[in-house]
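Have a look at the structure below before the remarks.
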Amino acid sequence: PSPYPHVFGAAREAYQGVWQAGVSQTVLVSGESGAGKTETTKFVMRFLALAGAGGTEDSMSVIERRVLESVPLLEALGNAKTLRNDNSSRFGKYTELQFRGGSALRGANCYLLEKVRVIGVQPGERSFHIFYQAGTRWQKASESSRVASDLAPLAAVLERGSLSAHDFVYLERSGCSELQGHDEAADFDETLAALRAFGAAEAEIEEVLAAILAVLHLGNISFVAPASNSEGSEVSNRNQADGALAITSELLGVSPEELEATLCRRVMKVVDERASHQSVAQALEGRDALARHLYGAVFSSVVGRVNDVLGAEVSQEQQLRRDPRPPFVGVLDIFGFEFFQSNSFEQLCINFANELLQQYFNEVIFEHEAALYARERVQWDPLDFPDNKADVVLSLLSLL
């Protein structure tokens, strides 16, 4: 074997630990942003899926194929282009693969989706891939004489609104809408295929796409102070039939009046409900908060569907074998260390989580090894490694 570390070597050790020792394993994939964590995670997942299937793609079961089908789906909704990485994970993902008499993907737990990316990114970056994939695919379909039947959900949604990156305030701010070297139309087809593979009906896919398009149109809603109340707000061009308010409300299935009231008024309930007018600045903040929450709900819904389908299949297999929870390999892929010109609370949480992982790495690699040398009285030159324990025990989040 090669003396150099390799991702397949680490995956093999985890797999052998499950089969030979019957002990659950965890693979932590960490590093700076753009270091290749997401691609490394794909290699680990593919190795484990193939190993559980006997080493050949032909012998892979339906569940094992789901391991690979879930990747493009979650990437479309949760990955984005940053200054350092064209396919950066903007959420943390922990996935478990169970092994006993084969392999099964138990499901994925997702953490801290960077929802702030929905409402704007730095120059040269992009929002989540799905926004651009859908637009590129529709543009390509529009150039042909007819729309393919598998694009029916997208066609139905686009009857109620445009889908060009240049039409949306949220997407055009960064000045970057293309991803060099990627066929995003094909990527969108793969995303739709993955949704269908996890049992989403055409009506459900249409609802997902409608919610995603509504997020973008929300960003096009602007506000002005009414003449009768300079401290209040109302939607600009509120009566325009093809305006952002009308399109967004139709996509969300509410009336324009209901949506405007939600954005421009604040309801407080103490004893009786009391509504107060929002200023223009407050209405803009509320609009952006709604867009972030709506996209987060779409992402959580898709992740929930993936886990529901996989969990049902895993439970059925275990029930047939009357098997308790078998040993598993957990794979953790989280954001890397980040430092941008403008940083949000998400960056603080991301970097703090990485500090915790770095401390664990230092403890396992350096401190435990040093303690072993001391117990066995091995002569060695102590390494001067960076110790970040002070950063971790500072309780920074508690201070905030």
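Here the Cβ of each residue, glycine as well, is placed from N, Cα and C on the backbone.
Straight from TrEMBL, the features:
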type	residues	note
DOMAIN	1-400	domain 'Myosin motor'
BINDING	Gly31, Glu32, Ser33, Gly34, Ala35, Gly36, Lys37, Thr38	ATP binding site
Between the binding-site residues Gly31, Ser33, Gly34, where is the Cβ count within 10 Å the lowest? Gly31
Does anything in the same chain, at least 6 positions from Ala35 (ATP binding site), have a Cβ under 8 Å from its Cβ, and if so what? Gly336
Same-chain, non-site residues whose Cβ lies within 8 A of the Gly31, Glu32, Ser33, Gly34, Ala35, Gly36, Lys37, Thr38 Cβ center for ATP are Asn85, Ser88, Gly336
Long-range Cβ environment of Lys37 (ATP binding site), under 8 Å and at least 6 residues apart: Val29, Ser30, Gly31, Ser89, Asp333, Ile334, Gly336
Which state, by DSSP, holds Ser33 (ATP binding site): helix, strand or coil? coil
Neighbourhood of Glu32 (ATP binding site), C-beta criterion under 8 angstroms, separation at least six: Gly336, Phe337
